[in-house]
Structures are given as C-alpha cells and as structure tokens.
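Annotated features, as they stand in TrEMBL:
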BINDING   Arg53, Gly54, Ala55, Arg96, Gln203, Asn254, Lys255  substrate binding site
COILED    110-141  coiled coil
SITE      Cys164  site 'Transition state stabilizer'
ACT_SITE  Asp244  active site, proton donor
Amino acid sequence: MTTPLAAIQSVRLDDENSTLIILDQTLLPNEKVFLHLSTMEDVWEAIYHLKVRGAPAIGIAAAYGAYLGVKASKEEDFDAFAAEFEKVKAYLASARPTAVNLFWALNRMEERLRKEAQKSVKDIKQALKDEAERIREEDEQVCLSIGEHALSLLEPGWGLLTHCNAGTIATAKYGTALAPIYLGEEKGYDFKVYADETRPLLQGARLTAWELQEAGVDVTLICDNMASIVMKEGKVQAVLVGCDRVAANGDTANKIGTSGVAILAKHYGVPFYVCAPLSTVDLTCPSGDDIPIELRKEEEITAAWYEKPMAPENVKAYNPAFDVTDHELITAIITEKGIAYAPFEKSLAELMNK
Ligand code: MRU
C-alpha cells in the first residue's frame, strides 16, 4: 500500500495560525514526527539542524518564521515595527548561507511589509501571514510546472539518477527534481530511479528512497561511489538534481557530490538536468565562485549515524555541505517558466523577465 503523495505536507501553518508545523526530516525514515514551532528561535533551530531542509522548504519556513517573529510585537508605530521586523529577518537569514531561497523569501516578506506601510500594524501582521501562505501555495504550482517541463525531456522506461533530496519534503509539494518522476509515475512511465545515498547526512537514503518508495516508485539505493558503475552499465538515461543557488552564468550549487555526478554524466554521455524554481536563480552572483558554501561540523563525517565514531579520534575532517557544478556540465536548467539551455546568461535572464 503506498501513501498518496498529497498526504505529505511537510511545512505549513496550523489552523490557529500560531505555530509552524514541520515534518522533522532528521528522524526520517524511522519516525514520522511533526514538530510545532511557535517562535522564530524554533524556526532558526529547525533550519540550522536540517529538520526542515531543501532550498524551497527553507524559504517557506523562513517566511512563516518571520511572521511568527513579529506576530506578538507590541509596536503600533510602523517604523518601530519595521525595525523589529529587520532584526527578525537578519536573525533568520543567519540560519544557513547557501540556499538563496532563504534570502529570497525573507526579502519578499519585507517587500510586503513595506508595501503595506500605510496600514495598521495589526493589518500588516495579517498581510505577512498571507504572504507566507502565498509563498507556500505558489511553490506547489511552481514545482508542478517544473515537473511538467522536465517530464517533456524524459522517456518511459528510463533509468534516472538523483542526488540528495529534491522531493516533496524539500518543497511545498511535488519537489523539483522528483516532480517529473511523480508525474511520470501517474502516467505509467515506469521509471527506474537510482538514489545516491548522499553522504554525510544521507538525504538520498533517508529521504529520497523513503519518499519514492512511499509513492510506489521503483527506487534503488546506491552509495555515492556507485554512480559511475550504474552509468557505465547503461542503467541511467538522465540525471535529475535540485539546487540551492544558480549563478547568472548557470553554475549551480547543490548538495556536496553533485559536481562529481555531473562530471561522470559528461563522461558517460548522460544528460545532466538541474531542476530549479526561479526563486533559486541569483543573478547577483555572476558565477559559482560567488556562492557562499556552508561548512558543517566534522562529526557529521566522523561519527554521525554510527554507534561508535568511525574515524580516529581528533582526525581532521573537511565538511563542505555543497559544491558548485560548472555550467559547462549542465545540459539544461529546468524552471517553472521553461527550460534554459546554454548560454545560460541569456536564457536564465530571459526566463527571469518572462
Ligand atoms: O543540506 P540540504 O539537505 O538542505 O541540501 C539540499 C539540497 O542540496 C537540495 O538538492 C536542494 O536544496 C534542492 S531541494 C528542492
């Protein structure tokens, strides 16, 4: 028996509008626990510890976090209220550095705040709640459109490889890189999906394999170092990945290991597709060199998931959470407004203005 995809709502406001409910992604696949976050500190902590993760979901959570952060404000004067909002915004923006959706969503919340400057603070709070809801609702539609565009590039029966988790739980619904897989499944495409386990935090094993299996998709888990052999054996006809930030030239930051997969795909002649909402495109970054890369704790490599540490005590470890895939390795960037091909400076700018 499979769980209908629509049943998983991983980031949403509760009915009383007082808490943000998230599916705790650190506990999957063993436990399905929904957390109720009522303060901006709770939201910051959930983003920082990857309880809510995936670029679009981080943006949605931050938008709700901004609303929760000022909801109880006692200020009645706009300037004082806006100053309080700025502090909340800066605080939430410090949770993680790479996914631009975090900053995009917070900027959008601020734009809404300023647009409503003539209204009472009570009404502005309501508008901020509405804006966060809108960001979440739009993301569903955006992901659906990405899925439709991406599906037009795929053929029934194909083997697909994905890295990390760019699925339903990383977004409002459907996912980005997994959206065409779900849509294809509904149409009987019978894809065979290979999920990289995605060291060190195992988003592929814990989240993608779980999500796809729940939806009844044929998914096979592989270790990251097995991507080459499945491509060599002809099991993979396309790679689909999500991303955290796309620079103006098409360089793309995504989960650590993605660039290696892209290099392999080029070697084996497999198309490499990046699925990205336009909210993930950052034209202020000329190239991938300008994208800040998050460094995380060494213990994620040396000790996490093991009963005992699996590395010598005090060994140095280097743990960048993302890498940048060079635009020359990317076959196409699939957005909600269409598919961008090289030269990406031109095609991305056109889609952003569409
Ligand atoms: O560190 P994470 O798990 O937040 O990294 C997430 C990814 O790299 C995803 O591929 C990306 O955010 C796209 S999610 C639609």
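Quick reminder: no glycine exception, Cβ is built from N, Cα and C everywhere.
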Any further residue of that chain within 8 Å (Cβ to the Cβ centroid of Arg53, Gly54, Ala55, Arg96, Gln203, Asn254, Lys255) of the recorded substrate site: Leu50, Ile58, Ala99, Cys164, Asn165, Ala166, Ala170, Gly242, Asp244, Ala321, Phe322
Integer Å distance between the CA atoms belonging to Cys164 (site 'Transition state stabilizer') and Lys255 (substrate binding site): 6
For Asp244 (active site, proton donor), the number of other Cβ atoms found within 10 Å of its own Cβ: 31
Largest inter-residue Cα distance among Arg53, Gly54, Ala55, Arg96, Gln203, Asn254, Lys255 [record-listed substrate binders, Å]: 17
Protein Cβ atoms within 10 Å of Cys164 (site 'Transition state stabilizer'), excluding its own: 30
Asp244 (active site, proton donor) and Arg53 (substrate binding site), distance between Cα atoms, whole Å: 11
Among Gly54, Ala55, Arg96, Gln203, the binding-site residues whose C-beta sits under 6 Å from ligand 1: Gly54, Ala55, Gln203
Integer Å distance between the CA atoms belonging to Asp244 (active site, proton donor) and Ala55 (substrate binding site): 5
10 Å Cα neighbourhood of Asp244 (active site, proton donor): matching recorded positions from Arg96, Cys164, Gln203, Asn254: Asn254
Neighbourhood of Asn254 (substrate binding site), C-beta criterion under 8 angstroms, separation at least six: His163, Cys164, Val241, Gly242, Cys243, Asp244, Val274, Phe322, Asp323, Thr325
Least Cβ-crowded entry, counting other Cβ within 10 Å, from the binding-site residues listed as Arg53, Arg96, Lys255: Arg96
